[in-house]
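First the structure, in the form of structure tokens, and then the observations on it.
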Amino acid sequence: MRVLSAIALVASLASSALSAPASESRVSTQLRSRDAEGYSSPPYYPAPNGGWLSSWADAYEKAQRVVRDMTLAEKVNLTTGTGIFMGPCVGQTGSALRFGIPNLCLQDSPLGVRNSDHNTAFPAGITVGATFDKDLMYARGVELGKEFRGKGINVLLGPSVGPIGRKPRGGRNWEGFGADPSLQAIGGAQTIKGIQSQGVIATIKHYIGNEQEMYRMSNVGQRAYSSNIDDRTLHEVYLWPFAEGIRAGVGAVMTAYNEVNSSACSQNSKLLNEILKDELGFQGFVMTDWLGQYGGVSSALAGLDMAMPGDGAIPLLGTAYWGSELSRSILNGSVPVSRLNDMVTRIVAAWYKMGQDGEFPLPNFSSNTQDATGPLYPGALFSPSGVVNQYVNVQADHNITARAIARDAITLLKNDDNILPLKKDDALKVFGTDAGPNPDGLNSCADMGCNKGVLTMGWGSGTSRLPYLVTPQEAIANISSNAAFFITDNFPSNVAVSSGDVAVVFISADSGENYITVEGNPGDRTSAGLNAWHNGDKLVKDAAAKFSKVVVVVHTVGPILMEEWIDLPSVKAVLVAHLPGQEAGWSLTDVLFGDYSPSGHLPYTIPRAESDYPSSVGLLSQPIVQIQDTYTEGLYIDYRLFLKANITPRYPFGHGLSYTTFSFSQPTLSVRTALDSTYPPTRPPKGPTPTYPTAIPDPSEVAWPKNFGRIWRYLYPYLDDPASAAKNSSKTYPYPAGYTTVPKPAPRAGGAEGGNPALFDVAFAVSVTVTNTGSRPGRAVAQLYVELPDSLGETPSRQLRQFAKTKTLAPGTSETLTMEITRKDISVWDVVVQDWKAPVRGEGVKIWLGESVLDMRAVCEVGGACRVI
């Protein structure tokens with residue numbers, strides 16, 4: 001949400017309750033009751049301490065040595081943002097300068113440094129997912145890490161793996177990698193590894209169930225919608241990518257705005273304490289989304305570690321649920337000292353684990369202004385001023401990776417008569433504003449809150465300013481010697497058509513975050529539906545009525561309906577270029593004119609009609625009471641539901657053509673680890689965690705320092721009368737039902753980052769030889785799907801679990817691809833035993849290999865043979 005959304009919310013939250021010591025907030029008093037659908041989130045206390053895994057041992061040892069000597073003020077400082085507009089970044093914590101810990105800078109976005117300059121605007125997550133290329137996923141993460149580090153950013157607010165794409169109209173689906181748990185998991189994990197290899201803390205988000213933008217937030221008049229998710233669906237679909245992100249060592253998790261099973265994500269003890277920190281072994285820190293904290297004591301007890309941007313119910317008032325109120329809650333005993341110590345230790349341990357105690361730059365940019373100088377704290381009156389932007393160029397040669405991703409993501413859906421690739425001297429007529437520039441200027445719309453010119457990304461906090469943009473119009477004009485351009489969304493009546501002319505029609509479909517409404521779409525695609533914007537369907541039909549050869553180029557945030565024109569005889573080819581970022585033009589012409597064969601594959605299903613989806617995944621509108629978004633479709637999202645309902649889509653998940661052809665041969669399956677039991681072996685025990693004195697600190701530790709120069713509305717940890725706060729310790733805080741300070745037994749499904757380490761034992765390895773049988777060079781993707789036996793109960797008939805992409809193969813050459821399948825990959829979540837259940841020795845499991853979910857080329861049966869289909 002970030003800065004603009006905070007301003008937009010001020011009016012709607014004006015009558016909200018402000019923070020108060022030891023009190024519940026706007027909505028938290030209601031969160032323990034069951035909702036109308038019967039879903040509830042059982043309590044799980046206390047919050048587990050971090051530091052019990054050997055992979056984080058060194059970082060926690062360093063953090064312990066520092067935290068044990070911190071004052072209460074220093075500890076609180078690191079848990080609470082300084083307030084919106086109270087520093088250079090979209091969020092910053094207070095500091096602990098005695099120990100060398102500065103204000104930690106937190107900044108968007110998953111595709112580039114937001115509200116900055118001289119940075120790369122990479123392709124969006126959905127584009128990266130369409131590459132089905134793990135190396136490019138990792139490379140983008142590395143270069144994002146380099147750029148964020150170069151700007152002095154400690155915490156990158158990405159990647160996004162939630163929403164997962166359950167709702168095809170969902171506004172922020174494009175920030176993630178595709179509508180499948182494994183595709184999201186692999187894309188997220190590779191990105192995290194890349195980012196953190198550069199010493200920047202990655203943040204996996206939004207945890208969890210934020211599948212719709214409208215009504216995601218609570219305010220005084222309306223609770224956020226509740227995503228009602230059963231235990232098995234939660235584990236097998238929505239938690240899957242988070243578990244893999246945690247296994248990759250992610251340093252931070254961001255909670256979602258919405259509720260899950262009637263409890264706000266930022267204070268849902270089941271989600272944070274039990275699942276995230278205990279079962280999945282998360283060792284980093286949990287932060288809120290911006291203004292997504294709804295209570296003070298309640299959120300601390302439930303496992304929240306950092307409040308962002310720090311403000312309470314209404315931003316810019318200088319009030320907070322934490323900050324000085326957290327100091328008060330420690331002094332009066334409402335929040336145990338041990339909980340605060342763990343909160344701070346988690347934050348400091350992540351800082352050490354990324355090596356940020358070394359030569360790490362301070363922020364050298366401002367997300368508040370593009371001017372060189374200005375207020376240091378724009379949210380305050382009479383702020384001191386200084387240099388706020390140093391215009392550090394962090395782009396290096398990252399345009400190469402950006403172009404490669406955008407190019408390798410381009411997905412060829414149709415290519416009748418092999419009309420593509422085009423020849424440089426073909427007579428081209430290019431139509432559509434999506435081919436050209438934004439007439440108002442490159443970055444004229446804040447947070448890309450408009451659809452003008454070529455669509456490079458959606459809108460909202462997940463965006464970045466474009467340092468430059470090569471449009472398709474520019475790139476085509478640079479290559480083609482015979483192209484005419486009609487940058488309009490209305491087909492010109494006076495276009496002359498000659499024999500052999502090719503019409504290239506550009507259309508788009510946009511979406512974004514809820515705080516901006518674009519052309520009647522408040523984030524989600526409410527007005528446009530799944531159709532092209534700006535009369536795109538009509539533009540294609542008009543061109544097809546006049547030209548005998550039409551190529552359609554689609555820039556889209558997700559599934560888009562094509563039925564009005566896809567079967568017209570003149571429509572020869574369709575390319576989906578997704579959201580390509582700054583290299584939109586060059587990446588397209590690389591493929592359009594045949595320098596590269598297209599190798600992208602759909603990261604979602606394209607339906608024939610929106611009615612192909614069940615009503616449960618439609619957008620929900622405002623009722624009189626809280627919206628109940630119940631996941632009645634369960635495990636069956638996207639291609640899974642099409643398979644179950646026996647609905648043939650227009651184009652299936654994973655579909656993507658090439659200018660050449662490929663064969664799959666010599667499939668083999670080998671056993672790596674014998675699965676001798678239904679459930680994994682007993683988890684390893686937890687190791688020791690840091691220990692600290694538990695006595696309540698002296699109140700003087702949060703007294704205002706003498707001669708301290710206060711910044712108005714800046715959030716400090718200090719109290720005017722700390723001694724008085726300590727005296728109120730006799731009052732009993734109304735703790736949530738089920739609250740206890742007695743630790744729970746360790747969940748049997750846990751034991752390491754991501755869960756029981758035995759879950760990630762490689763059970764099988766599958767190899768297949770891919771041969772280029774065509775006449776042009778190209779790359780192929782082998783997609784691996786599992787089919788589980790009936791003995792495990794009802795499961796989707798095919799589930800993507802792995803994929804691999806060849807290098808560029810010359811005609812007649814081959815490459816053998818090998819993919820590994822873990823115990824977890826062939827397991828289901830047992831809701832009774834609360835553990836992952838797999839067939840012994842994998843009996844009955846089938847492993848399918850193909851180029852889409854409906855284009856299978858080979859199959860292996862565990863315990864049987866492999867064969868080519």
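Placement of Cβ uses the backbone N, Cα and C atoms for every residue, glycine included.
As written in Swiss-Prot, here are the features:
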type	residues	note
ACT_SITE	ASP289	active site
COMPBIAS	681-691	compositional bias 'Pro residues'
CARBOHYD	ASN77	N-linked glycosylation site
CARBOHYD	ASN261	N-linked glycosylation site
CARBOHYD	ASN332	N-linked glycosylation site
CARBOHYD	ASN364	N-linked glycosylation site
CARBOHYD	ASN399	N-linked glycosylation site
CARBOHYD	ASN478	N-linked glycosylation site
CARBOHYD	ASN728	N-linked glycosylation site
REGION	677-697	region 'Disordered'
SIGNAL	1-19	signal peptide
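Structural mapping of features recorded in Swiss-Prot.
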residue	record	DSSP (3 states)
ASN77	N-linked glycosylation site	helix
ASN261	N-linked glycosylation site	coil
ASP289	active site	coil
ASN332	N-linked glycosylation site	coil
ASN364	N-linked glycosylation site	coil
ASN399	N-linked glycosylation site	helix
ASN478	N-linked glycosylation site	helix
ASN728	N-linked glycosylation site	helix
Legend entry - ASN728 (N-linked glycosylation site) and ASN332 (N-linked glycosylation site), Cα-Cα, nearest whole angstrom: 6
Legend entry - Fewest other Cβ within 10 angstroms of its own Cβ, chosen from the glycosylation sites ASN77, ASN364, ASN728: ASN728
Inset, instruction - Output the one of ASN261, ASN332 that, of all these glycosylation sites, has the highest number of other Cβ atoms within 10 Å of its Cβ. - result: ASN261
Inset, instruction - Out of ASN77, ASN399, ASN478, point to the one nearest the residue listed as 'active site' in space (Cα versus Cα); all of them are glycosylation sites in the record. - result: ASN77
Legend entry - Cα-to-Cα gap, ASN478 (N-linked glycosylation site) vs ASN77 (N-linked glycosylation site), nearest whole Å: 54
Legend entry - Neighbour count (Cβ, 10 Å) for the residue listed as 'active site': 25
Legend entry - Tally of residues which DSSP labels helix, strand or coil - the region 'Disordered' (677-697): 0 helix, 0 strand, 21 coil
Inset, instruction - Report, as a single number, how many Cβ atoms besides its own are within 10 Å of the Cβ of ASN399 (N-linked glycosylation site). - result: 20
Legend entry - Cα-nearest neighbour of ASN261 (N-linked glycosylation site) within the listed glycosylation sites, ASN77, ASN364, ASN399, ASN728: ASN77
Legend entry - Cβ neighbour count within 10 Å of ASN478 (N-linked glycosylation site): 12
